[in-house]
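Annotation source TrEMBL lists domain 'Electron transfer flavoprotein alpha/beta-subunit N-terminal' at 3-182. Residues or ranges marked as FAD binding site in TrEMBL: 202, 228-229, 242-246, 259-266, 280.
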Ligand SMILES: Cc1cc2nc3c(=O)[nH]c(=O)nc-3n(C[C@H](O)[C@H](O)[C@H](O)COP(=O)(O)OP(=O)(O)OC[C@H]3O[C@@H](n4cnc5c(N)ncnc54)[C@H](O)[C@@H]3O)c2cc1C
């Protein structure tokens, strides 16, 4: 078995999601090669070479890969992919953008969002917003799959000593162009990697109140901040903070849901959290089905009281 893992990075550092994908690759078993497609990304390749369990790193360094344009990276993956039994990427926006295109170019169907490896070609994946788990088998000669990071404990970032080899760029596919990006700068931890997440729902009432009530709690706990879709749709916070089926999937050690009812689409994004605390004035709210600790009360008084005691 030879497995190609597509590295996720920003040309400077390897994103932690790649460590979870390598963990899934280890469960499949075989030689693990990490592909770093970037521009000025030697440091990323060097980091990838140190990841435990990685036997080789391929570095494609070209301006065409500077912004991870999916059309360009997919062309590269397809050009080298036929030499591998498996091609894996994280189930992130970037992975989900690149891998289907690469699979199509390789004429292979793909499996998305695997959460367990049963064998080299049999995997488990959630369906119906995580309410059922499907076991799927691939008959393809190349298994192309995205991996849900929260389902696999990351391998160690250090300890490996893989060789780094350069691979030829396949250049600009010429069908897309990077124009600009707006990145929200935050001092807080990244939502999907945070140990603690404080999320607010429609119950917080407004964007202003979201910050008045939840920022002090997140500050005290060093937590990332999330939200329900209702809070995002109401404009309380930006949509990159949405947790759930159509938002981000998180599994922190502690998830605090404030003024969130617990719709299945929200639970799909957080129910694997190790400890779940819910603060809600409605003792019948469905989130109590998954909550380990359940605080019934008005968030506007309960949360400041909690903050004062931490
Ligand atoms: C296809 C599809 C995809 C979706 N994807 C997502 C997704 O990714 N993520 C997501 O979150 N949702 C998603 N949804 C929406 C989901 O169905 C719910 O509508 C949404 O999660 C509700 O958000 P909420 O819990 O904040 O709001 P509500 O359901 O309105 O709940 C608000 C809660 O706040 C409590 N509350 C109100 N005031 C207070 C107070 N003063 N103190 C304490 N508690 C208070 C209420 O008791 C209530 O339980 C999706 C829906 C669809 C159809």
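Every residue gets a Cβ built from N, Cα and C, even glycine.
When the binding-site residues 202, 266 are compared by the number of other CB atoms within 10 angstroms of each CB, 202 has the fewest.
For the binding-site residues shown (242, 245), fewest C-beta neighbours within 10 angstroms: 245. DSSP assigns residue 245 (FAD binding site) to coil in the three-state reduction, outside any helix or strand. In the structure shown, across all protein chains, 260 is the one of the binding-site residues 260, 263 with the greatest number of other Cβ atoms within 10 Å. The DSSP secondary structure for residue 266 (FAD binding site) is helix.
Mean pLDDT across the domain 'Electron transfer flavoprotein alpha/beta-subunit N-terminal' (3-182) comes to 96 in this model.
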